[in-house]
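Let me begin by presenting the structure, written as structure tokens, before commenting on it.
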Protein chains: 2
Amino acid sequence: MSEQRFIYDLSDGDATMRNLLGGKGAGVAEMARVGVPVPDAFTVTTTACVAAMENNGTWPDGLKEQIKEGLVRLEERTGKKLGASQNPLLVSVRSGAVHSMPGMMDTILNLGMSDDSARAMAEETGNARFAWDCYRRFIQMYGEVVEGVPGHAYEDALAQMKSDRGVEQDTDLDADDLKELVATFKEISSEHLGGDWTNDPREQLDRAIDAVFRSWGNPRAEVYRRANNISAKLGTAVNIMQMVFGNGGDTSGTGVCFTRNPSTGEKALYGEFLVNAQGEDVVAGIRTPRPLEEMEEILPEAYHQLVDTMHKMEDHYKDMQDMEFTIENGKLFLLQTRNGKRTAAAALKVASDLVDEGVLDKHQALLRVEPSQLDQLLHPAIDPKHGRRSIAKGLPASPGAAVGEVVFDADTAAERGAKGEPVVLVRFETTPDDIHGIIVAQGILTAHGGMTSHAAVVARGMGKPCVAGAQGIRIDPKGKTLTIGDHVFKEGDTITLDGTTGNVYGEALELVPPQINADFRRMVAWADEVRALGVRANADNFEDATKARELGAEGIGLCRTEHMFMAADRLPAVRKMILADSPEERAAALEEILPMQQSDFEGVFTAMKGLPVTVRLLDPPLHEFLPDLTEQSLKVQKLELEGGDAQELGAARATLAQVRRLHELNPMLGTRGCRLAMLYPEIPEMQTRAIVRAALAVLEREGETAEIEIMIPLVALTEELKVQRGIVEKTMADELKTSGKTLDVTIGTMIELPRAALLADQIAEYADFFSFGTNDLTQTTIGISRDDAENGFLTNYVVDHVLERNPFESIDVEGVGQLVRMGVERGRSRKPKLKTGVCGEHGGDPDSIEFFHSVGLNYVSCSPFRVPIARFAAARAVLNERRN
Amino acid sequence: MSEQRFIYDLSDGDATMRNLLGGKGAGVAEMARVGVPVPDAFTVTTTACVAAMENNGTWPDGLKEQIKEGLVRLEERTGKKLGASQNPLLVSVRSGAVHSMPGMMDTILNLGMSDDSARAMAEETGNARFAWDCYRRFIQMYGEVVEGVPGHAYEDALAQMKSDRGVEQDTDLDADDLKELVATFKEISSEHLGGDWTNDPREQLDRAIDAVFRSWGNPRAEVYRRANNISAKLGTAVNIMQMVFGNGGDTSGTGVCFTRNPSTGEKALYGEFLVNAQGEDVVAGIRTPRPLEEMEEILPEAYHQLVDTMHKMEDHYKDMQDMEFTIENGKLFLLQTRNGKRTAAAALKVASDLVDEGVLDKHQALLRVEPSQLDQLLHPAIDPKHGRRSIAKGLPASPGAAVGEVVFDADTAAERGAKGEPVVLVRFETTPDDIHGIIVAQGILTAHGGMTSHAAVVARGMGKPCVAGAQGIRIDPKGKTLTIGDHVFKEGDTITLDGTTGNVYGEALELVPPQINADFRRMVAWADEVRALGVRANADNFEDATKARELGAEGIGLCRTEHMFMAADRLPAVRKMILADSPEERAAALEEILPMQQSDFEGVFTAMKGLPVTVRLLDPPLHEFLPDLTEQSLKVQKLELEGGDAQELGAARATLAQVRRLHELNPMLGTRGCRLAMLYPEIPEMQTRAIVRAALAVLEREGETAEIEIMIPLVALTEELKVQRGIVEKTMADELKTSGKTLDVTIGTMIELPRAALLADQIAEYADFFSFGTNDLTQTTIGISRDDAENGFLTNYVVDHVLERNPFESIDVEGVGQLVRMGVERGRSRKPKLKTGVCGEHGGDPDSIEFFHSVGLNYVSCSPFRVPIARFAAARAVLNERRN
């Protein structure tokens, strides 16, 4: 068996080899292939990284030798030699995953620097300061990343040097100073390593590659992958590229550019650059860069070459590109190109424009928009009528509005965010170490950094509002204050951010629901032409149903009736019903609730007239309408011990007795759904009556009503559905007879227990439709209580990769999915035209929608604001199916 | 299409037609077929009853006409005519279900009586008193059963008549008195009906048949069916039989007899009779009957004919027979024969003896013993060393001992029994209306009635101790006292019954575990020759394991480890473990628990040396080892309000904080099983260490140890098992390395969640064996929390036939069973020789065992005392499979 190949030279790769070479490696190779100037390079494959991970970090056989050979070839091609005292080769060692994970893994620049190389470079470039600066940067970066030396040790030494010299800026240090600093840095490294610092660039290369491999598993990369649903099993490629220098003087520079505006999607070059700087300076947001347009004046030749290259690459990839470049003494090098990260609005505009430009057809355009990303468009904005003055303005780095309490560090943000408290993370600048705080924050405000700074890129990816580089704000993270003009905000004070405009407000402003723009409407219409799945919404009142219809819902897939019981003004009647001693008393209490239910139903049926509405009969256990057992026990004890009012005590004790009687150890598996209706048939009778009366009232008033589907929840046994169907049918017949009207109503059931899926053929006998309740089905199939698990072991499971995704967010296809498939197949084996849908929260998750399409459901139902996402995702499901 | 046939004449039936004609109808026809004297008759089929039930009581087409034709044929054969004024035909109308349900449904005797018939009968028999007595009995029975007239109305009139005449006994009333009573009874009926009492025997026959149909659904029949696992869908046949009279004088009589002793199984005629009485008098236990042997003197001819017939029928059916007979003026008629109900001890002895007699082979004999009935043999007896004197003695009507508090009515028994309180039901005599009290009582004591009285028959069927017809006890049900000699017992006082000897003790005596007798041992040995399934027991200490081995367990299928944590002296260490702040602290606390666990394991491994022991690692959630949330909250509040000791309050609050942290809304679906072990790998490490050390210690001490199987609970994800298996293997390797010994240990998992069954092929990759945890699998598949449901809706479901059986008692074959089958098949698709077993409580249920055999499990595991039952049931599974 021949040895596996782990090394690809620049000329061996192309864009199709992304899985093997990572996005960066494949992108650079493709650029070289089509004649774009890139530094020479070779790539260590992702398979090498995976092999090492699987073997506890031990490299696979042959890797070390192949790297050595790859280096020799690179040296031959460039005519330079790593660590040489003449014409030395310097390389960057960079991660490059299959899916872009900006800033999450490690990079080592200037590898190859040694005493000899530094001297040679000083001589060759005539710029000794530059050479020693590169060297000290290398020692610091290598020490931190590879050897784990604490960064502050180097920073302290640098600060000491500046203080000794009485200067303020790094740039005020001269070549000798930096040479001395190199010696100091070496000592720091040696001290930490407990041995001498020795320059062996060949050895350092291997160790740098290994460090990049290991950085795949660092905590911030894990957090990022989880937030972006990237598998932990992919591994990263490592790119070894000849260094080019943007920091060699005023004819050098570095920058980042997009072929279109990544925030709005507008067709205009968009980017930032810094003269006399290395690439990391732009990305890290330490110096605020200049707009790309200004480069035309400063470096006109490189600018025009860059513009040409940008157009060329966009045409080549038929998608907006995000590129990194360096200009070395006036010569342009492209370091990376990739499909640019963009806001959802930009994604829609770019895809839509590319259709108009004749570059893509409609179906290709649909595949360019990630449905899950559209969520960010569906976030609220600040009410335009607010009339307040902003107190600061920054860059509109990620659109949307956020209201929250100021916090100054990621740990506090994570802690408070986990409790559901709305926080805005305020940082001088963010780093990858802040990721856990960013994930839970409502929004991000930074004082430094541009549109491509860490905070901006990450926030856009998450659809989270971000205002970056806000001028004139002062942050004291230790003292925990944010000062804007004469306002001083302490931790816990509330502010509002507008990531769409860059405005910051010193108070909580009202937010309004998002509006769907023209690009969105246009592309969703294309999606509707393609998709097979129907899309409905979950709603239980007029307002939500109306909103759902506006957003394109083709019906209500789940109209819950429990909220109709929960309203404060209804609880007394509901409790009377629960405390009833006889069916008659219960029926009397239900009579009080009936008109309220009816009026709610009228609202929904009016909003949805002409479309189907699935009404689920009462589902939660009765004790949900009573006080908590512990609370009530404490109340009684308190009254007892304090000798409270006798009447109050009596009432409290009576309530406690009821709470105890109805208390269940595992309410999720208790007396709820149709089990309740079996015990108290008065409840489904009342509900059916309210539904029929509401439908007749709407029909009379509006001339049309909704297509009503009555749904029996939590059926495990065929007999339950048979009995409940009988109750609904009989009540309906009675009501219609009384009214003398007719009404078409279908009766179906939820499939939300494993047994129901297993016996779907029997159950279909009594069901006009099935609606899969995948939340409950997930709970019972995996044996996980959602409420408990998401605050407990489930989170650990996702962190530890016991599970790749939270099964309540995206359906567990291989487990729960089997039962859904079985339910559909068995149900249809009895009733070939059985209508099937899903009404769990998975109905709004794009990956789950793809699965539901594959098993042949008729529709999905989700929250109103996810309807457009579901329409998109349903179309993609069809297109992906065709591709496969 | 020709009309369905609903009527079979006596000569049309035989023993094979039991499903159609019911046990009684088929038995009588068979007797007629083989020449035994039976009264002429015809039978309305069970299918007629089922058709009527399914159509809300409306009779199927043709039934009415067919009954009319059947009656005409009966009249022709007997030469008598229903309702005629000369030579009138009288018939009984009796229920007759497929499975015997003694006394549970309705019967009408003497149908055909009318003014004309009474006069004719008086003339023909020369016994006017007898004729009018029959007539008044008929009016009363028909009124009560068919018309729903309250029985006391007739009883009151009879009492009034006796009082008017100044007599004590019914028999002291003469013909004229009875004639007058007939008139009074007619008035009572008319008054109740709001119309005139009219004699139309033809019409009355139809209505009587309908009443018997309806009695299939009466509450006591339902209760009986549930207790005996008889399907509600079978319906009853109705037998219309010419009346013969045992109450016509001293050459007449009636009785009940068994071919062998139904209590012990001894081969000796056994029965009771009454001279000059109707059959109901014997069964109802109102007059205490005479032993059958005495009949030889009184009615020698009939006696010898009866004895011959008994032998003949036993030979015919090859089983012990239970027969009813009537002697009319010296002539013997058999009214019914059926396989006799018997105690488990009798069942074993009869079957065993029949093999010795050459009537049955061993396999046939095994099929004569109902495994579920053997449970009664496994009940405790009174400690023989008790040394107390009995205060009363009755008939040993149903064996076994019972200790409980005296209650005087079935409602109180049912209410207190449902709370788990041990009660003894004390009644003058029991009736079918007492069935709900009998079911929950520890035992039954009656003052009246014999070995075939209602209490005796029902108690024997249930394996419940019963002392019947206890002489010298006085019961005052209103005043709620039981007086025996000068002891007066009030409700709630404790007594002890010995149903094996008939003794009653006025205090609580110690009970001892049952002993397995020779017949049992012999037949269980036959079962072992036949069965394919292995039988193991669930035990977690030396004593239980030793007992299990004695009872034939071939290993331990489930050794739970949680009890090892629960013992009071261990809880401090366990709580320290739970409250630990770091893995190190936790490991230290676990070190304290380790030696205790090890010593428990040593006990089990010693008892089971040479046999397999499956140890399940810790399963329950940690909060089970802490106080209850509500209790602890109350404790803290009380200390706060009362200003208690500060240190105590601090400790209580700290505990409360822990309880809150670990509190779960649905603990059944929470952090338990391997989820706990994933969070705290220190726990499985400690447990593995304890297991290995125990095994090595036993090996050293005894020269042999158990075959150890370590079982990981609650696996839902393949990754969980992979990780846990890794922990166990690594710990085991470490321990063995330290000790320098070797040990064969297998590692497997429970399949107790639907997802695990669905993905059993993947999971099998990391499992040496599967053990189906059907309790949990039932909970999640059906979505039922056992603790909540059995005290709630599940009980109603069984009462209302939404479910035929409680799925926690007998496995839900069509739902949960699918997943078990899938688990076995998919597991073996990956590992063909995968060992599979079951350790839920279903492992001791005969029907479930039959299912487990059919899916090819290797073994079942159950509580030690059910091991012999499981061995029997496993053999029957094989024999039944061969028959089918």
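Glycine is treated like the rest: Cβ placed from N, Cα and C.
For reference, TrEMBL has these:
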type	residues	note
ACT_SITE	B:His454	active site, tele-phosphohistidine intermediate
ACT_SITE	B:Cys839	active site, proton donor
BINDING	B:Arg560, B:Arg616, B:Glu752, B:Gly773, B:Thr774, B:Asn775, B:Asp776	substrate binding site
BINDING	B:Glu752, B:Asp776	Mg(2+) binding site
DOMAIN	B:60-289	domain 'Pyruvate phosphate dikinase AMP/ATP-binding'
DOMAIN	B:296-352	domain 'Pyruvate phosphate dikinase AMP/ATP-binding'
DOMAIN	B:421-502	domain 'PEP-utilising enzyme mobile'
DOMAIN	B:518-876	domain 'PEP-utilising enzyme C-terminal'
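Overlay of TrEMBL feature records on the structure.
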residue	record	DSSP class
B:His454	active site, tele-phosphohistidine intermediate	helix
B:Arg560	substrate binding site	coil
B:Arg616	substrate binding site	strand
B:Glu752	substrate binding site	coil
B:Gly773	substrate binding site	coil
B:Cys839	active site, proton donor	coil
Could you tell me the mean pLDDT over the domain 'PEP-utilising enzyme C-terminal' (B:518-876), as a whole number?
92
Compute the mean position of the Cβ atoms of B:Arg560, B:Arg616, B:Glu752, B:Gly773, B:Thr774, B:Asn775, B:Asp776, which form the recorded substrate site, and then list in sequence order the other residues of that chain whose Cβ is within 8 Å of it.
B:Leu558, B:Asp619, B:Pro713, B:Met750, B:Ser771, B:Phe772, B:Leu777, B:Cys839, B:Gly840
B:Cys839 (active site, proton donor) to B:Gly773 (substrate binding site) - Cα separation in whole Å:
6
Here's one to test understanding: among the binding-site residues B:Arg560, B:Arg616, B:Gly773, whose C-alpha is closest in space to the C-alpha of the residue listed as 'active site, tele-phosphohistidine intermediate'?
B:Gly773
Please spell out the DSSP helix, strand and coil residue counts for the domain 'Pyruvate phosphate dikinase AMP/ATP-binding' (B:296-352).
30 helix, 17 strand, 10 coil
Just checking, which of B:Thr774, B:Asn775 (binding-site residues) has the fewest C-beta atoms within 10 Å of its C-beta?
B:Asn775
Looking only at Cβ atoms, how many others are within 10 Å of the one on B:Arg616 (substrate binding site)?
26
Would you mind listing, in sequence order, the residues at least six apart from B:Asp776 (substrate binding site) in the same chain with a Cβ closer than 8 Å to its Cβ?
B:Met668, B:Leu714, B:Met750, B:Glu752, B:Leu753, B:Gly840
When neighbour density is defined as the number of other C-beta atoms within 10 angstroms of a residue's C-beta, which of the recorded positions B:His454, B:Arg560 has the lowest density?
B:Arg560
Mind giving me a neighbour count for B:Glu752 (substrate binding site)? Other Cβ atoms within 10 Å of its Cβ, every protein chain shown.
30
Can you tell me how the residues of the domain 'PEP-utilising enzyme mobile' (B:421-502) break down into helix, strand and coil by DSSP?
18 helix, 29 strand, 35 coil
